[in-house]
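Each remark here refers to the structure printed beneath this line.
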């Protein structure tokens, strides 16, 4: 008897990351949107290398990259106990994405690599002079900023300001080894095109230690940073106290669910969560419940929403999902429909003194 044909191996199940998939709708180009979907639905895909090269530094994809940064490394309050990036210590009221021992070590390793004379980026190499002699403190602030990732109100946490970039490469770039057409300005236009301190990291803040002394810092505690809970639990600050004060922790660990097999992002047990459908079509979502098993379950598909429908407000086009102010009300555009809060705004004939506008 002839041997039966070998059974085809079943395809490896796609490992989802719904948290990242949520961000893909924020992409401005179809190329980055498609690559974002690929890395969000197929864990371990090689596409992330192309994504890193083509999208991570694209000036038109800042919204997408900021969203992914919030998923991968949410901003956390406070930074301490670093042994290399010591200027980042004693900052209890500032936000950082990655204040930890690994990033501290990473900054030191980056400095060692850069001292060989080349800074290797995903899409270019930057030749530099000996950074141990040319502005070493500035280079250390760059390495630490890119690893520890301070959060500012509108930044994605990993872009230094353009003026700092131009300054450091003008003084320490090895122009003899620059490629034809390479200048500090052109390099920085690609790497750090922004100079708004709310959208980039100003290095001068980290060229010296924190102005707060240790004595003040000890009065501020961060019960959930670093996270004391297990990987499938969410840390919450314990604001209620305990019956037994002798064994009262300042935090509570609550069970949660990861947003997909490949996700580290947790939601609370019992919460209803809207996640993109497996197909990842724009505007198509399902609502799931975080069950006691620690998985998303009882998912129900919702009617798809046309995300291409914009709103016209005061002659201006507002895209689906955008928020804006109209008089004293906050509005958002949802599939062509403008939805606003209903506060009573003060008319121009009223003085603001003694009048309180209604709540939404």
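Glycine is treated like the rest: Cβ placed from N, Cα and C.
What TrEMBL records for this protein:
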- 17-68: domain 'Reversion-inducing cysteine-rich protein with Kazal CC4' (DOMAIN)
- 70-208: domain 'Reversion-inducing cysteine-rich protein with Kazal frizzled-like' (DOMAIN)
- 256-304: domain 'Reversion-inducing cysteine-rich protein with Kazal EGF-like 1' (DOMAIN)
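Mapped onto DSSP classes, the domain 'Reversion-inducing cysteine-rich protein with Kazal CC4' (17-68) shows 37 helix, 0 strand, 15 coil.
Under DSSP, the residues of the domain 'Reversion-inducing cysteine-rich protein with Kazal frizzled-like' (70-208) split into helix, strand and coil as follows: 59 helix, 15 strand, 65 coil.
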